[in-house]
Amino acid sequence: MGYPKEGETIQIHSYKHNGLLHRIWNETTILKSTELCIIGANDRTMVTESDGRTWVTREPAICYFHARQWFNVIGMLRDDGVHYYCNISSPFAYDGEAIKYIDYDLDVKVFPDMTYNILDEDEYDDHRKSMNYPKEIDSILKEYLNTLLHWIHQRKGPFAPEFVDMWYERYLRYTK
């Protein structure tokens, strides 16, 4: 159903493998939109959890989604540099309402010096069993975790120097 237009404000919805809604980011401004890649930005946007609790993001963030990668990347601009939060997830879909993806629990937190921690491995194992992830999905997710780590080491895509700053400058044009 097409792609969001640059400058448009949309929501981001994450789901779990069982189809249940996990989290909604209320407002993200689209900065780039093609069939392969969507880049968006938000700042102090409301996030709604599956249980109805809400919270507001603390800093500007650049969100990177790719149609052929089983991960998405959020670059957060903080005083000490860019921090990244990476979700191992399905490739994105856009249905005219929101960017949507399945969150597969494994996350990678990347610090400004490009060191990283892999998070939520226990949660992944629990959900893999309780939601019966097929072996094919398990293999794909592990493969793309390695691809993501390679991108981090190579400073590729959203990890490239100046990537987040460049897109943040573009985002500021929409907020004036």
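Every residue gets a Cβ built from N, Cα and C, even glycine.
Site annotation (Swiss-Prot): Mg(2+) 1 is bound by D103, D107, and the candidate from N87, N117 recorded at this site is N87. DSSP assigns R23 (active site, proton donor) to a strand segment in the three-state reduction. The 10 Å shell around the Cβ of E123 (Mg(2+) 2 binding site) contains 13 further Cβ atoms across the protein chains shown. Other residues of the chain with a Cβ within 8 Å of the Cβ centroid of N87, D103, D107, the Mg(2+) 1 site, are S14, F71, N72, Y85, C86, I88, S89, Y104, D105, L106, D120.
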